[in-house]
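Trainee: Have a look at this one before I ask anything.
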Amino acid sequence: MEEYLLPGESSNSCRTRRRSGSIFDRRDAIAHGSAYQKAAALVDLAEDGIGLPEEILEGASFEKAAELYFMFTRFDFLWSLNYLALVVLNFFEKPLWCSKHLAESCNNRDYYYLGELPFLTGAESLIFEGVTLLLLIIHILFPISYEGFNLYWRSLLNRLKVILLLILVADIVVYILLPADFYYLPFRIAPYLRVVFFILNIRELRDSFFILAGMLGTYLNVVALSALFLLFSSWLAYVFFEDTRQGKTTFTSYGTTLYQMFVLFTTSNNPDVWIPAYKDSRWYCLFFVLYVLLGVYFVTNLILAVVYDSFKSELVKQVADKDRLRLRTLKKAFSLIDEANNGLLNEKQCTLLFEELNKYRTLPKISGDDFKSIFNELDDTGDFKINLEEFADLCSAIGLRFQKEDSLPIFEACPNFYHSPASEKLRGFIRGATFEYIIVFVLLVNLVAVIIETTLDIQNNSGQTFWQKVEFTFGWLYVIEMALKVYTYGFENYWRDGQNRFDFIVTWVIVIGETTTFVAPDDLTFLSNGEWIRYLLIARMLRLIRLLMHVERYRAFVATFLTLIPSLMPYLGTIFCILCFYCSLGLQIFGGIVNTGNPNLAQTDLAGNDYLLFNFNDYPNGMVTLFNILVMGNWQVWMQSYKELTGTSWTYAYFVSFYLISVLWLLNLIVAFVLEAFQAEMDLEASARCVDGDDKEAKRERRRNVGTKTRSQRVDFLLHHMLRSELTECSNDNP
């Protein structure tokens, strides 16, 4: 299916080839290496989507700045963990309404229908906030050391982070010093800022919100047109049904009619809302059918089309900006090699670059004749030299066609043992297909065992105990599999694969959980009850989905599904952050209203539908409630009930705005993106099956673009394929 840069030789063929000497760290290469070592490291950085500010690349203190930059990035895991902790704090923080003088303490969870997550005490919360704030300050301000204050402050993003950091510090100080009784409406800005910092420092999330900000004007315009349609339809319905049973019972005023017609626009109260009119005359259904058809199948889809068109325009700008950043980094690498400053590289210079790139990518050993054929193929102008554009194509081909070089396993410290004949034979077996077939067989047997154990459990059969022990044995078999793979590949190389990360986490949770289940006292019901282990075992067997990749008719669909998951993560993360914002707002507006002692609660639809657990009294419950509203399951129940409990129609603004942002905007955006991304993936799969019939230009395009290795590269390639015509126009407009 793939056509390799070297005829008849795959990049994977030399994956196990060991090189003499140590692998050069690109941090050291940029800071202290030769011109070719620096250029190779910059090429690797560019293909990984990492870029240094352009002013640093062109500055005299480039090496020192790069050294500080890479020292900073060594702690990326710590920074990411801290931002995750900021969001997690919202889930465990005690709600502000609990600090008021209440007739019943909020420690009475049943009284307030609270969730099961424990609240942090005041001291614990303060320590948590203090530690995360300290790490946040270091992460935000450290870039000044390698960018310099002037360059750092020139960035709008950096200025925004510093301003928000000062606001967060002020919020914490005020919260500590002022008593809770000072607030008429308990309010803190910290829960919102934590999510904002999470967004600003996760690049994919930040890019998604920047795209949404760019298309906000277009979205508001189309929403305004939809509002005119709703206002006119509601007025028409109010006048038309004024003297009917519908007007006397449901459309009693224009405001009520507008509310009911808006809910009907979402189809949540269809056909309940127009049953009175239907009882009077069956012909009245024509009005409502026409309204639903126009609203749902025309206006909503019109919004979808306009929103997605605006989204693509903003996405093109963002992808083009990333391409320009990558090109600037490659331009710096090109200038390091082009010592004569004539804008061209000859064959010898490219050969030296390939040798240095071997330290970062897995490349076959290239003979002189082989390299000449590669050089001639990449030399589009035919002048036996490569310019910057051709150099960028070369780097793209390397980045897409070849995998990252494996790091040396820790076991290399004992070479006599690790490279003994027995060890080499074992590692060869683990790398082979036979070992994978054995694991698949174990998974299938495990699946049968789970089915039998589940069936016996449902039947309350005593034989279930035996099969639980069998499942326990399977858990340790997976540990052995994991240990063998770590021994063979090294942990860093093992962890690089997404499936291995999933297996590693689930396997250890299963084993620790099963062990705890067997040794825990019976009075600890949650630990001694092994029911939850079964679901983890079922999750472990999701690996069987990959078997479908070997079935021709399913391969394209499964491959597309696996590629779409990382493509969608930024947009799903955007919805999660919107839920966080609205959850914090919901806690501060509606917190504590739903409780057993509220006399108005029994008359609401929340009580009538047994929805009392879905409330805004704590963060976990609030997130679940917003999810229910997001999927439009009787969402008007919460809107109307909280309006009755608060006694103000301003409650509608909270729920209507959530609908406009999350459902009408973001969910429609995701649906449209999935449709186009799926079509793009199917096109790529079809083109891959037609290699033999393609012309030379198409082959060259695939040579430069297919075969992505990492998740980010797959997503980047998919976006470039989806937006190829728009990106071409953009590049023509901005030469």
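Positions of Cβ are set from backbone N, Cα and C atoms, glycine also.
Just so it is clear, the model here is predicted, and its values are computed rather than measured.
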Trainee: Would you say whether Swiss-Prot puts Phe557 on the same side of the membrane as Glu729?
Mentor: yes
Trainee: In the same chain, who gets a Cβ under 8 Å from the transmembrane segment (655-675) while lying at least 6 residues past its ends?
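Mentor: For the transmembrane segment (655-675), the sequence-distant neighbours (Cβ-Cβ under 8 Å, at least 6 residues beyond its ends) are 212, 219, 223, 262, 266, 300, 303-304, 307-308, 311, 564, 567-568, 571-572, 574-575, 578-579, 582, 626, 629-630, 632, 635, 638-639, 642.
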Trainee: Using Cβ atoms and a strict cutoff of less than 8 Å, what residues sit near the transmembrane segment (162-182) while being 6 or more residues removed from its termini?
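Mentor: Long-range Cβ neighbours of the transmembrane segment (162-182): 96, 99-101, 126, 129, 133, 136-137, 140-141, 188-190, 193, 196-197, 200.
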Trainee: Same-chain residues six or more away whose CB lies under 8 A from the CB of Asn460 (N-linked glycosylation site)?
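Mentor: Set apart from Asn460 (N-linked glycosylation site) by at least 6 residues yet with Cβ under 8 Å, there are none.
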Trainee: For the transmembrane segment (126-146), I need the partner stretch with the highest count of C-beta pairs below 8 angstroms, choosing only from 184-202, 209-229, 287-307, 432-452, 471-491.
Mentor: 184-202
Trainee: Taking DSSP states H, G and I as helix and E and B as strand, how many residues of the topological domain 'Cytoplasmic' (203-208) are helix, strand and coil?
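Mentor: Taking each residue of the topological domain 'Cytoplasmic' (203-208) in turn, the totals are 6 helix, 0 strand, 0 coil.
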Trainee: Cβ under 8 Å, sequence separation of at least 6 from the ends of the topological domain 'Cytoplasmic' (203-208): give me the contacting residues as numbers and ranges.
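Mentor: That would be 157, 318, 569-571, 573-574, 577.
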Trainee: Let me check one thing: do the transmembrane segment (561-581) and the transmembrane segment (184-202) come into contact, meaning three or more Cβ pairs under 8 Å with sequence separation of at least 6?
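Mentor: These two segments touch.
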